[in-house]
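Features reported for this protein in TrEMBL:
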type: BINDING; residues: Cys131, His174, His178; note: Fe cation binding site
type: ACT_SITE; residues: Glu175; note: active site
Amino acid sequence: MSAIEKLTKASHLINMDDIIREGHPTLRLNAQEVALPLSDQDIILGEKMLQFLKHSQDPVMAEKMKLRGGVGLAAPQLDISRRIIAALVPNPEDEEGNPPKEAYALQEIMFNPRIVSHSVQEAAIEGGEGCLSVDREVQGYVVRHARITVEYTDKTGEKQRIKLKGFNAIVIQHEIDHINGIMFYDRIDPEHPLAVKDGMLIIE
Ligand SMILES: [Zn+2]
């Protein structure tokens, strides 16, 4: 059975064993565009990827399945070199610890996503970034665009164009990098990993 057949089987839940790690050549490929109209297989794969992120953020499922928590996943991380990404960014609880009104700041599966414009201003997450394909901590600011406009096809086949900022914008740039063969640490200044460039927004 091929990787894609296994991953899209109704009974299969994506788990950490399905995720390839740094050093695997697929993570360095420029992934293939998915054909439109979307195939059932591509749609199912996208849904399975989003389901994985949900499981990874659910304390009971994450413990049971031994998942690392994640907010984004790209098909190349499953050794499928296709331009499909999923993002699931939870909203924080309020100050009293009540759940947010909207559970997610971003919940989306994107096919052939493309950054069509971006701010001049750059941004980085204060604590750096992590990746399900990288089993070590890498220190340093991952320099990205503060704001982006992304075009993609959604799972119903509709063309979408959305503007993102803050953490959502960082997550989508991280995932789009994966379909272009780029790892997050490629964007850390090797000489000055913690240097704050002029005007760079630091996201807490
Ligand atoms: Zn990653």
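Backbone N, Cα and C atoms are what each Cβ position is placed from, and that goes for glycine too.
Projection of TrEMBL feature records onto the structure.
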residue	record	Cβ contacts under 8 Å, 6 or more apart
Cys131	Fe cation binding site	Glu22, His174, Met183, Phe184
Glu175	active site	Gly72, Leu73, Ala74, Ile85, Ala86, Ala87, Met110, Pro113
His178	Fe cation binding site	Leu27, Ala31, Ala74, Pro76, Gln77, Ile85
### Message
I need the neighbours of the Fe cation site defined by Cys131, His174, His178. Which other residues of that chain put their C-beta within 8 angstroms of the C-beta centroid, in sequence order?
### Response
Gly72, Ala74, Gln77, Glu129, Leu132, Ser133, Glu175, Asp177, Met183, Phe184
### Query
So, in DSSP terms, is Cys131 (Fe cation binding site) helix, strand, or coil?
strand
